[in-house]
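Novice: Sharing a structure here in structure tokens format.
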Amino acid sequence: MNPYTLTFMASMMITGTAIVATSSHWLLAWVALELNTMAILPLLTQTHTPRTTESATKYFLIQTAASTTLLFASTTNAWITGQWSINQLTLCPTNVIMTLALLMKLGIAPVHAWLPEVMQGASTTMALIIATWQKLAPFILLYTISNNTYTTLLLPLALLSTTLGGWGGLNQTQIRKMMAFSSIAHLGWAIATLTFNQMLPLLTLAMYIIMTWSMFSLMQTTHTKTLKDTSTAWSTTPHAMMMLLMTLLSLGGLPPLSGFMPKLLILKDLVETNLAFTATAMAITSLLSLAFYVRLTYTTSLTIAPTTTTTKMNWRMPPNRRTMHTATTITLTTMLLPLTPIIALY
């Protein structure tokens, strides 16, 4: 694809997200979401293979269905109340329909089944964009209407997402599918306190994007796409595989890494809001996600001796030197836990 076309499509994605972030009108927000969706489709089909075509088609159909549902809910709300303002979502049916439409765009349970298939069919770079950048616009809208959203709707779906996200990733051998189920689980944590704490969802989303960015950057560096690839990558890129191990443990939420911080604060907030049962259930379901992270770290760094080989083997691909700069994201992924007391004050 022409580099100018790629630049134009990327600028359209950025423009769509920016319009969503600044708009207060449902129709304008819907147009921005459509702009964001249409801009990524040529990028998804940049590599002409049946898998990428299937992935782009699934993504287009799901996002179109979610956008249509969102437009229906906003139109119904405007017809009854006479208001197109995003903050005037006062009717119960339209509120629920709107929330479910945004959850479908985010890939949160129970409307999550499209995300693993789309990420698996896309390239590694496009899977990273779907898992991070494409979450911003619908999450901004969900955050905007959080004052009118029902806690009794979001909390069960958050618990369901953390459960299915961990459960679905247990039997996967493809890392992109694992990261898709990781996305489902992490966004479940992000929406858990959306209605009564405005800071924690943003912190959780930011930490998720940082950790996912680090993970995909290291996957590109080491050319790893499956569990089998991770078991042989240590010989060519031992330092990158050690950083991959730390990133995986941070994604699992193990202290003293940064991934533990949002989960600790969310559990603390749930307990203080007299939701101890929900907090306990979410803590238990996080063990499911931790199980496949630990399994991946085991195949990554603990199945062979930590020494490099002096023999050049044909089936070992050389490391990719032209990748995204990961020093900053790796640092943020592993070393932010000491800031927890400061963040907890707010």
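Cβ atoms here come from the backbone N, Cα and C positions, even for glycine.
Residues or ranges marked as domain 'NADH:quinone oxidoreductase/Mrp antiporter transmembrane' in TrEMBL: 23-289. According to TrEMBL, the feature domain 'NADH dehydrogenase subunit 2 C-terminal' maps to 292-343. Residues annotated as transmembrane segment in TrEMBL: 12-33, 96-115, 127-146, 152-171, 240-261, 273-294, 323-344.
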Novice: Does the transmembrane segment (96-115) make contact with the transmembrane segment (152-171) through 3 or more Cβ pairs under 8 Å, each pair 6 or more apart in sequence?
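Specialist: Yes, the stretches contact each other.
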Novice: So what's the mean pLDDT when you look at the domain 'NADH dehydrogenase subunit 2 C-terminal' (292-343)?
Specialist: 67
